[in-house]
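Taken from TrEMBL, the feature domain 'Amino acid transporter transmembrane' covers 4-393. As annotated by TrEMBL, transmembrane segment applies to 12-30, 36-57, 93-112, 124-141, 148-166, 186-207, 219-246, 266-290, 310-333, 339-361, 373-391.
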Amino acid sequence: GGEGASVRKTFANIIISILGSGVLGLPFTYRVSGWAVAATSITLAGGLSYYCMILLVKCRDKLSSNGGHHFIQTYPDLGYHTFGNLGRQVIEVTLLISQAGCCVAYLIFIGHNLSSVFFPDSKYALVIAILVPLEILLAWVRSLASLAPFSIFANVCNVLAMAIVIKEDLGRLHSTGEKMATFKGWQSVPFALGVCIYCYEGFGMTLSLQASMRKPHKFARVLGLAFGLITTVYLVFGLAGYAAFGEETLDIVTLNLGNRDWSTKLVKLGLSIALFFTFPVMMYPVYEIFEGRLLLNKWFQRSVVPSPRLLAAVTGSIRGVVVVVVALIAVAVPGFGTFISLVGSTVCALLAFVFPALFHARVCADAPAWSRAVDATLVVFGVVFAVYGTYQT
C-alpha cells in the first residue's frame, strides 16, 4: 500500500536512466587503452559515481531535516539551497550541456548505424540531414507522456543489441581469439576515463528517483545493487567486444557486425528508431530551460505571451534552431568515441564529482575528517581531469 515506487521499480528506473548507448562505445575503449586500463576505468568511474550520488542524497536529507527547505526535488533545487541562485544556474547550464551532448551522440550513433544499413558508401551526414526535419516535427510534440513508451523501446533494443553483439563475439572468439593488449600507455587513460564517466551519467535523475520511493531509506542499497549490475555488464560487454574484434574494433561496436544477416540489420534499425524517439525526451529539459528564460523577459510577457499562436510560433522556432545546432555539431564531430569522452571528461565529470563534493563540503560541514578529505580530493580530481581531458581530446 501507500504512495511511491517500489524497490523493484526504482531498481529498474535507475538502470534505465544510466544504461544508454554509451555502452556500445566500451569495446573501442578497451581497444584504445588496453583491457587493464579500461576495466580499471569502468570500476573506478562506477564506484565514484555511486559514492557521489549518495553524497547528493545526504545533502538533501540534511537540508530537509534542518526544517524550512522541504522541497528539494531536483539537482538544480539542491544547487539553489546550497549556493543560492548561482548554484541553480550553474547546475542548470551544466545539465543542459550534458543533455545536449547526449543528443549529439544519439545523432552520430543513428547516422552511422543507418548509413551502414542503407547507404554503406556515403557519409553519415546524409542520414542526419534527412533526420533533422523529422526531429523538428517531434520537438513540437508538447507532451512527454506520448513519447515515454519509446524510451522503454530504446532500452529493449539496447539490450537486444548487446545480446547480438555478445553472440557474435562468442562466435568469433571461437574462430579468431585475437590477442589483447593489456596496457597501451598513459596517454590513453584520460580517454578511457572520459568514456566510462559518460557511461554512468544519470545524475539529473538521482534525487527525483529517491524522492519517488515508497521507502526512501532503502535507496542507497537499491542504487548499490543497480551499480553492481551495470558495472558487471559494462566490464563483460567491453571485454567481449574487444576480444572478438581486437584491433579492428570500431568506436560503435554495432558497426563491426556488418550487414550479413537480418538480425544485425534489425538491431541497427531498432536502436536507431528507438534513439530517434528518445532524442526529443532528452532534449525536453533543454527546451524548457530556454523557454523558461524567455518567459522571464518583460517584453516577451507583454508582446508574445498574450497571443497563443505567436507564442507557439516563437517556441517552435527556437526548438527548431536548437535541433539544427545539435545536428551541425553531430556532423562536425570526428567520432563517437572521441565525442563521448570529451562530454564525459568535462560536463559529466563536473556533475558527477565536483558539484556533489562541493555541496557536501558546504552542507555537511560537520562530517568526519576523512569524508571532508574525500570531498576535497574529488573536487581537485574532477577539475584537473576536466581541464586535462578537454586539452587531450
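Cβ atoms here come from the backbone N, Cα and C positions, even for glycine.
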Fill in: Range from 124-141, 219-246, 373-391 with the greatest count of C-beta pairs under 8 A to the transmembrane segment (148-166)
219-246
Response to the item:
Under 8 Å Cβ-Cβ from the transmembrane segment (373-391), and at least six residues away from its ends along the same chain, one finds 48, 51-52, 55, 190, 193-194, 341-342, 344-346, 349-350, 352-354, 356-358, 360-361, 367
Fill in: Per Cβ pairs under 8 Å, the stretch of 36-57, 93-112, 124-141, 186-207, 219-246 packing most closely against the transmembrane segment (310-333)
124-141
Worksheet item: So, do the transmembrane segment (36-57) and the transmembrane segment (124-141) meet, by the test of 3 or more Cβ pairs under 8 Å (sequence gap 6 or more)?
Response: no
Practice prompt. For the transmembrane segment (219-246), could you work out the same-chain residues 6 or more beyond its ends whose Cβ comes under 8 Å from its Cβ atoms?
Written response: 7, 10-11, 14-15, 18-19, 23, 26-31, 35, 38-39, 42-43, 46-47, 49-50, 53-54, 57, 162, 165-166, 168-173, 176-180, 196, 199-200, 209-210, 213, 253, 256
